[in-house]
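Annotation comment: Swiss-Prot describes 1-94, 280-317, 326-345, 411-443 as region 'Disordered'. Residues annotated as asymmetric dimethylarginine in Swiss-Prot: 52, 304, 331 (among others). According to Swiss-Prot, the feature compositional bias 'Pro residues' maps to 61-72. What Swiss-Prot records for 81-94, 283-293, 307-316 is compositional bias 'Low complexity'. Annotation comment: Swiss-Prot describes 96, 102, 139, 175, 432 as SUMO2 cross-link. Positions annotated as phosphoserine by Swiss-Prot, on the basis of experimental evidence: 113 (among others). Among the features that Swiss-Prot reports, domain 'KH' is placed at 171-197, with the record citing sequence analysis. Taken from Swiss-Prot, the feature N6-acetyllysine covers 175 (among others), and the record attributes it to similarity to another entry. Residues or ranges marked as omega-N-methylarginine by Swiss-Prot: 282, 291, 310, 320, 340 (among others). Swiss-Prot lists 320 (among others) with the feature dimethylated arginine, giving similarity to another entry as the kind of evidence. The annotation region 'Interaction with HNRNPA1' is assigned in Swiss-Prot to 351-443. Summarising the annotation, Swiss-Prot assigns region 'Interaction with ZBTB7A' to 400-420. Marked as compositional bias 'Basic and acidic residues' by Swiss-Prot: 434-443. Positions annotated as phosphotyrosine by Swiss-Prot, on the basis of similarity to another entry: 440 (among others).
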């Protein structure tokens, strides 16, 4: 009976029932840990005899149960480190724009505080401020792809350096521009690109160039650069790059320091033509002809090597011009080695006076032959006598006449062997005149 009425044991039982039967406690996960030993059997020993021992065994003093890491607790935002909240895209863009928004005021403040004597720094700051205001830095980052199938035109710019440091004495600017700028105009028409010479030394007036350089005008900012050729091309991507390549290849020809190439020679001829000088072909011809000794005033207006008309002197045979066929001097002197080879008589008009040259002894065979004398003396007489005797005879029309054959044979033997005592023509020679009436009389 004493154990039933013991207040300590009664309090212990009541506390054990409340922990096991209360389903809506502060820690509902106590049910998930059944392997945890209950502290009820140990409490009577440590706190027996008074109500304080029962108060220590209250559930408020128990440690909190362990939770799995994936299960958030009701106070997750308070206990532990809080996660970074997600920002909307507009807020992210604003965060990215903050450096640029700060960069622009800094540049403007630095430009205002900078001394105006620093012209280059002022120009660089102005260019950078303009890029940020226009947003060109963003465009350069975004436009990294080319659409080859679109018909959208693009603009290409290239600067080709002129080697003035390697060749300081050569006038590259004059070679590229040409007389009155005609060369660079033709180059632009051929390549389809806009070509200009820019940089230090591109202007003829050095004082004006220095003044414009110090003026700080953005239009003349190129005067602070090295001397170069600026090429601009506008068109579709494929066509633009092709035009740029062609233009650079043509400009490369003008960067060769050679004054005797075809480009410079054409420019010299064009310059002489613009200045009113006669045609270059005539000037060249005069200089070439003046190398030899000029003859005394020739009657023929033609130049060297072209003598009088094509009769007696051009071929070097004066016999054809005015000498009769019976002249033995020309027959005895072989003309080709003495007259035809020499260039001097070809340019002289008075070649007939050179006929009485010292004759050399000719061979006897040529002197005995003398068929020219027979033609001049007895050719017509033989023809007349033959016509008077043979007009009435019809036997001369026979093709196989014996007298005709004998006459031809006698002529050939006596003529070439030189055995004829007289210098008369053979009788068969005049037969040609009679046979002209018949078409077959020659055979």
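Counting begins at 1 with the first residue displayed.
Glycine residues also receive a Cβ, built from the backbone N, Cα and C atoms like all the rest.
Features recorded in Swiss-Prot, as mapped to the structure shown.
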residue: 102; record: SUMO2 cross-link; Cβ contacts under 8 Å, 6 or more apart: none
residue: 113; record: phosphoserine; Cβ contacts under 8 Å, 6 or more apart: none
residue: 175; record: N6-acetyllysine; Cβ contacts under 8 Å, 6 or more apart: 183, 254, 263, 264, 267
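Mean pLDDT, taken over the region 'Interaction with HNRNPA1' (351-443), works out to 51 on the 0 to 100 scale. Nonlocal intrachain contacts for the domain 'KH' (171-197), taken as residues 6+ away from its ends with a CB within less than 8 angstroms of a stretch CB, comprise 162-164, 227-233, 243-244, 246-247, 250-251, 254-255, 257, 263-264, 267, 270-271, 274. Each residue of the domain 'KH' (171-197) gets a DSSP state, and the totals for helix, strand and coil are 19 helix, 4 strand, 4 coil. According to its DSSP assignment, residue 102 (SUMO2 cross-link) is helical.
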